[in-house]
Amino acid sequence: MASLGVEAEQEPLLGHSIPGSREWDIIETEEHYKSRWRSIRILYLTMFLSSVGFSIVLMSIWPYLQKIDQTADASFLGWVIASFSLGQMVASPIFGLWSNYRPRKEPLTVSIFISVAANCLYAYVQVPASHNKYYMLVARGLVGFGAGNVAVIRSYIAGATSLQERTSSMANTSACQALGFILGPVFQTCFALIGEKGVTWDTIKLQINMYTAPVLLGAFLGILNIILILTVLREHRVDDSGRQCKNINFEEASTDEVQVPQGNIDQVAVVATNVLFFVILFIFALFETIVTPLTMDMYAWTREQAVLYDGIILAALGVEAVIIFMGIKLLSKKVGERAILLGGLIVIWVGFFILLPWGHQFPKIQWEDLHNNSIPNTTFGEIIITLWKIPREDHNEGPTGCPVEQAWCLYTPMIHLAQFLTSAVLIGIGYPSCNVMSYTLYSKILGPKPQGMYMGWLTASGSAARILGPVFISQVYAAWGPRWAFSLVCGIVVLTITLLGVVYRRLIAFSVRHGRIQE
């Protein structure tokens, strides 16, 4: 037998609960314990592979789109990019609801199969004689639809862990996701050695080059993932104390299982947490979007320099996020999730406040060739285009600086590089802290009941944030400049902190709220 300890993922619990402690006596066989954590770790891998599948093509979407369809412009690129989040937003509640009533293997397998098929479609988008850009749009939308399984993954992990295990497990999930986002572009860079021409398999009309090889790898990894899910994953559900619960998802019944505790979910806390999660992802999405145009305007970087330097900065933030996720597991045991969420929002506010331009030094003005790679009068695709576009001219030929057609360039002080880097570090601390704490609290608020549908709505709110954040920052930055843009962001963060203060006492675990466990 085993009882729950502090290092849940590393030590099966071997003793009795200390009299007077917050823990209940939990009965779990060694076999059940190993099966439960083996299944959870399979879903860590699924989250990692899902992130790799998304990010492995990001740096090549724009040149590939130009190659397959000359009619594609920056505006259409925006739709291609947004289609992933739109697909995920639609699919998340569907897969979440499905997982509430059927074994989680079903939605997981179907969603990954959709992603595999979408990756194969992406590899063939150059074959049709016309309308190639629309095939790419459909392919990326279907990849996003398949990524709706994030809701299933989070609901499974939330239902298969006790309160003590939850924060650590959610942090590990986020760390795997972040690691996937970091390594995806690295794999893409390796495939660049194949070149644009690559090799062609005439029998099946498959061209394997620097654009298609990454998605084919993603499809292969997806097939392996499906095999692992079908062979290794088992259905497990425990209550907040770690005792096995009966659930429709269970394939086998056990006499040790207990009924799911009854009680109402605090819907105010649910809605508030969805709003908090939306704002957190909204803020980070707009920061990722504005990094390249901001640095090109403020420091007169060329496109090549901006892609290189900003890529390094974002990769460093990804590594920082993984470290933060690991540290949060220890810190949350001392100060609690709500305090970390509040602290993370304050750190984010400080980060954006530091970004406000001050002083009397102004950025270099781009007086000629007003078609800068910044974002005046732009569409969503034109904002992001600098991250993907491969310039055709020598980088010394293009004019640099803040384009004069952005009137604010003439009177807005520049943001010094030290300001920007300090801000990036702070936002890199605050965002992962808030991200993992928000859906950890969310899972605890929902309690041991099936969480698939609720996690679906949470994932959908995050997808909506990734769509709206870039649109918001593009319009405000182009029209009014960084002072107004970052002031408004600071205001949004203040309102979010106020909301958190209002609902702070309600963001407690289901079992704590109903008096079954003391906080």
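Note that Cβ sites are derived from N, Cα and C of the backbone, with glycine treated the same way.
Here is what TrEMBL records for this protein:
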type: DOMAIN; residues: 39-508; note: domain 'Major facilitator superfamily (MFS) profile'
type: TRANSMEM; residues: 42-64; note: transmembrane segment
type: TRANSMEM; residues: 76-96; note: transmembrane segment
type: TRANSMEM; residues: 108-125; note: transmembrane segment
type: TRANSMEM; residues: 137-157; note: transmembrane segment
type: TRANSMEM; residues: 178-195; note: transmembrane segment
type: TRANSMEM; residues: 215-233; note: transmembrane segment
type: TRANSMEM; residues: 268-287; note: transmembrane segment
type: TRANSMEM; residues: 307-328; note: transmembrane segment
type: TRANSMEM; residues: 340-359; note: transmembrane segment
type: TRANSMEM; residues: 420-442; note: transmembrane segment
type: TRANSMEM; residues: 454-478; note: transmembrane segment
type: TRANSMEM; residues: 484-504; note: transmembrane segment
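A contact links the transmembrane segment (42-64) to the transmembrane segment (108-125), because at least 3 Cβ pairs that are 6 or more residues apart lie under 8 A. With Cβ pairs under 8 Å as the measure, the transmembrane segment (76-96) is packed most heavily against 454-478, out of 108-125, 340-359, 420-442, 454-478. Distant neighbours of the transmembrane segment (484-504): 268-269, 272, 275-276, 279-280, 282-283, 286, 290, 338, 341-342, 345-346, 348-349, 352-353, 355-356, 473, 476-477; these residues of the same chain sit at least 6 beyond its ends, with a Cβ under 8 Å from one of its Cβ atoms. Counting residues 6+ beyond its ends, the transmembrane segment (420-442) has Cβ neighbours under 8 Å at 154, 166-167, 170-171, 174, 178, 270, 273-274, 276-277, 280-281, 283-284, 287, 291, 294-295, 298, 313, 316-317, 320-321, 324-325, 328, 332, 337-338, 340-341, 343-348, 350-352, 354-355, 454-455, 458, 507 in the same chain. In this chain, the transmembrane segment (340-359) does not touch the transmembrane segment (215-233); fewer than three CB pairs sit within less than 8 A of each other, excluding pairs fewer than 6 residues apart.
The stretches the transmembrane segment (137-157) and the transmembrane segment (454-478) meet in space: the count of Cβ pairs below 8 angstroms, excluding pairs fewer than 6 apart in sequence, reaches at least three.
Residues 341, 345, 348, 352, 427, 431, 434-435, 438-439, 441-442, 445-446, 454, 457-458, 461-462, 464-466, 468-470, 472-473, 489, 492-493, 496, 499-500, 502-503, 506-508 of the same chain lie 6 or more positions beyond the ends of the transmembrane segment (268-287) yet place their CB under 8 Å from a CB of it.
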